[in-house]
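What Swiss-Prot annotates here:
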| type | residues | note |
| --- | --- | --- |
| REGION | 1-22 | region 'Disordered' |
| TRANSIT | 1-67 | transit peptide |
| REGION | 45-68 | region 'Disordered' |
| DOMAIN | 100-236 | domain 'PLAT' |
| DOMAIN | 242-941 | domain 'Lipoxygenase' |
| REGION | 255-274 | region 'Disordered' |
| REGION | 288-331 | region 'Disordered' |
| COMPBIAS | 319-331 | compositional bias 'Basic and acidic residues' |
| BINDING | H598, H603, H790, N794, I941 | Fe cation binding site |
Amino acid sequence: MLRPQLNPSSSHHHTTTTSSSSSTQLYFASSSCIASLRRPSPPSLIAGAGCRTTRRRQQGRQRVVVRCASSSAASSASEAARRGTGSSDMAPAAVVKVKAVATIKVTVEGLLNSLRPSKAIDNIRDLIGRSLFLELVSSELEAKTGKKKATVHSYAHKVDDDDHGVVTYEADFDVPTGFGPIGAVVVTNELGQEMFLEDLNLTAGDGAGNSTVLPIRCNSWVQPKSSIDEGTPGKRIFFAKAYLPGQTPAGLRSYREEDLKQKRGNGAGQREADDRVYDYDVYNDLGNPDSNGDLARPVLGGSKQFPYPRRCRTGRPPSKKDPKSETRKGNVYVPRDEEFSEVKNAQFLLKTLQSVLHAAVPAAQSALIDNLSLNLPFPSFFVIDKLFEDGVELPGVEKLGFLHSIVPRLLELLRDSPGDKILLFDTPANVQKDKFAWLRDEEFARETLAGINPYAIELVREFPLKSKLDPAVYGPAESAITADLLEEQMRRVMTVEEAISQKRLFMLDFHDLFLPYVHKIRSLKHTTMYGSRTIFFLTDDGTLRLLAIELTRPASPSQPQWRQVFTPSTDTTKSWLWRMAKAHVRAHDAGHHELITHWLRTHCAVEPYIIAANRQLSEMHPIYQLLHPHFRYTMRINALARSRLISAAGIIELSFSPQKYSMELSSVAYDKLWRFDMEALPADLVRRGMAEEDPTAEHGLRLAIEDYPFANDGLLIWDAIKTWVQAYVARFYPDADSVAGDEELQAFWTEVRTKGHGDKKDAPWWPKLDSPESLAHTLTTIVWVAAAHHAAVNFGQYDFGGYFPNRPSIARTVMPVEEPVDGAAMERFLDNPDQALRECFPSQVQATVVMAVLDVLSTHSTDEEYLGGEQTRPWNSDAAVQAAYAGFTARLKEIEGVIDGRNKDRKLKNRCGAGILPYQLMKPFSDAGVTGMGIPNSTSI
């Protein structure tokens with residue numbers, strides 16, 4: 001059996017991609033014809049009975065030539081085709097033998113279901129060959145009536161069941177020679193349980209040993225006919241080829257429309273786990289008011305106060321206490337094909353299990369944590385170090401309670417851990433390089449360019465620094481950072497005016513974003529907040545020097561505004577205050593990173609693209625097939641985030657400074673900062689002043705800091721994506737009219753703007769899809785955000801944040817010098833500044849929970865699909881698309897070498913030097929695990 005190389009773990013339906021003018025295609029003609037595996041026009045033909053097939057080599061290509069030997073046979077076939085009869089009605093001389101091979105992946109759930117009584121019925125169906133009903137669909141209509149041609153149908157019978165959970169079914173068809181091209185296969189699951197259909201391969205032979213295979217990649221769940229709701233079609237269709245809407249063969253148009261209609265749903269009712277319906281809703285499921293009034297949260301999206309992207313509608317009933325909110329009962333629905341593959345799911349559950357034990361078991365299983373009080377600080381830095389030196393033993397199975405049933409399944413995967421201490425935290429990579437790097441100002445500054453939040457730093461373009469907030473509410477707009485103070489810290493080498501003109505001053509500006517929430521956050525227990533500004537100076541060797549930190553508390557009815565500027569100092573007291581000020585800024589940056597750079601810009605903002613694509617782009621649409629790999633697992637991980645991470649009393653609220661106001665802050669950031677046109681990497685760099693357009697420079701940009709590892713490597717990836725997408729778009733859209741006239745494409749983009757991001761629908765900056773160039777740029781931006789942007793801010797989280805003093809998620813105490821000064825707190829600070837800093841850091845529980853979560857989020861699964869990888873190659877596309885993708889893959893491999901070379905270049909001090917972690921987050925490929933590199937196709941964790 002001839003089969004294409006497929007990814008066996010993907011959980012998505014993806015049809016074979018080919019152009020409208022060429023493909024491997026099964027075509028059954030009624031007159032003289034030629035079939036070729038080259039790219040002829042008209043498409044490839046496989047002739048009917050009475051034809052003779054030969055094979056030739058021509059200019060390095062294999063060519064199959066089929067010539068009709070009998071005109072009478074062709075005439076007979078033509079008459080049979082006109083009758084529209086299926087295979088059972090065909091005369092033997094007027095048919096072509098076609099074999100279909102269906103590959104089914106058996107899941108662990110399926111194996112468990114094999115114990116059900118209904119399995120016996122399924123076995124009987126397998127035995128008599130009535131498990132899977134397949135129908136071949138012609139691309140043509142009946143010439144006389146203009147109606148659909150009758151499908152050619154057959155039951156598939158089980159022929160193989162291997163040791164790897166793959167079951168093979170085969171079906172034989174007698175296809176009329178006048179049937180025309182096979183455009184699709186309709187599948188009906190006659191078994192009592194759902195099945196995961198990996199692929200279908202149709203083989204047509206001439207009886208002389210020559211054959212042509214038409215592969216159809218499915219990777220989709222097919223529900224059993226018995227479980228389909230009344231009124232819902234119980235069949236699934238899988239298309240054989242990509243077509244733009246206007247080029248869709250007449251015989252497939254109604255199928256195309258019906259499949260889209262099914263995925264849109266009717267906007268009513270509660271969605272079930274086996275549905276494949278995509279629809280929109282606001283974020284009204286983050287709170288849980290029915291459980292506790294303190295867990296109520298505002299609805300995000302659909303209002304001027306809290307604008308937000310939309311998420312997938314679940315249809316769960318409204319809350320009893322707040323009808324605007326949705327109840328949180330049961331699992332969060334995502335369309336069936338958006339679920340994790342079982343490999344991904346098992347590994348995610350394994351890591352989550354380890355994480356739960358990391359966070360909860362230490363109290364009983366080690367001497368690490370003697371008190372699980374949420375607010376207990378670490379007693380010493382020595383104890384922090386023991387997180388990586390002493391393991392936490394896995395308790396006996398009998399002590400695991402509800403985990404008892406799943407641990408035996410996972411223990412096999414844990415056997416490679418050293419001894420019994422299988423829950424040992426791995427030492428983060430930056431600590432392995434330099435245990436004390438977190439104390440150095442140089443590392444603090446370097447991580448703004450080569451850490452996990454390289455999107456925050458910006459150029460200082462005016463001085464004095466001024467707030468845009470209302471001074472009547474928040475105090476004087478002008479910053480307390482003076483020119484004299486900065487010039488002193490710059491060692492008087494130049495004036496502030498000169499530094500600005502030479503683009504030597506840079507800033508982390510968390511002032512206006514956080515200041516309006518300072519008092520709200522301070523009203524909560526065991527956390528605090530400031531508005532902050534942090535200033536850096538670009539030295540002659542291309543590194544940044546940390547100059548000053550300004551912390552601001554706005555005025556309140558009971559207190560005046562307080563603000564103070566902190567600087568590096570050799571004075572002992574001031575140096576400890578400096579360390580505490582840096583801890584506050586690091587916590588601000590951690591919140592900005594997790595809530596905005598990571599969650600909002602990659603997870604949350606991408607979900608509307610996925611929903612709109614599935615509602616408006618047919619799965620046979622070339623743009624759907626281009627984008628689909630970049631949407632893998634995103635909806636599922638977002639649903640998990642809503643359930644566990646960003647929900648009321650979830651991990652984010654537990655562990656980050658804004659606590660219950662975390663998601664509100666992300667809504668404020670969406671309102672003030674998010675723009676689609678600024679999500680492209682070049683536009684983002686220019687917006688922050690980190691680059692300026694220069695047609696003579698590489699990538700058309702001149703960076704403000706030459707050694708900016710994220711920008712330098714990221715631009716290589718951006719250009720590679722752009723080149724690939726431009727080639728793909730050019731293959732299908734020759735001119736502006738072809739883009740503007742694509743009704744599915746235009747409906748997709750309209751829905752992204754007016755529904756998915758409906759709170760910004762009238763913004764003037766939305767691009768128009770009116771040319772191949774604008775389409776390619778828009779698609780490049782989507783791919784960049786889903787793949788490279790996410791990789792840059794996700795897969796280094798454990799390396800940089802696993803040792804939490806380097807990147808505390810929360811600052812829990814105010815500065816000891818904040819007025820009015822608490823005399824007792826000041827005395828404790830002076831007596832034991834080390835303890836004061838540890839009390840400001842996350843508590844033991846907060847730190848270990850965050851460490852465990854960052855470990856999970858930073859992990860690549862074994863079934864990861866990487867940018868430019870072989871798993872998502874457009875398998876059956878024409879030569880132009882195949883060559884473009886091969887070039888894309890080759891370029892990404894070249895980029896890996898370029899990045900390796902840069903990391904060894906000692907002139908690049910922001911990525912090479914003693915104790916410095918090399919910048920590898922933009923390296924495209926990776927092994928499984930926590931590696932600090934690798935760009936998956938999608939925002940998949």
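Yeah, the Cβs are placed from backbone N, Cα and C, and that goes for glycine too.
All features noted in Swiss-Prot, drawn onto the structure.
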residue : record                 : CB count, 10 Å
H598    : Fe cation binding site : 23
H603    : Fe cation binding site : 24
H790    : Fe cation binding site : 25
N794    : Fe cation binding site : 22
I941    : Fe cation binding site : 25
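In the three-state DSSP reading, I941 (Fe cation binding site) counts as coil.
DSSP states for the region 'Disordered' (255-274), grouped as helix (H, G, I), strand (E, B) and coil, give 10 helix, 0 strand, 10 coil. Within 8 A of the CB centroid of the Fe cation site residues H598, H603, H790, N794, I941, the other residues of that chain are W599, T602, I637, V793, L857, T939. Averaged over the domain 'PLAT' (100-236), the predicted model has a pLDDT of 81. DSSP assignment over the region 'Disordered' (288-331) gives 3 helix, 5 strand, 36 coil.
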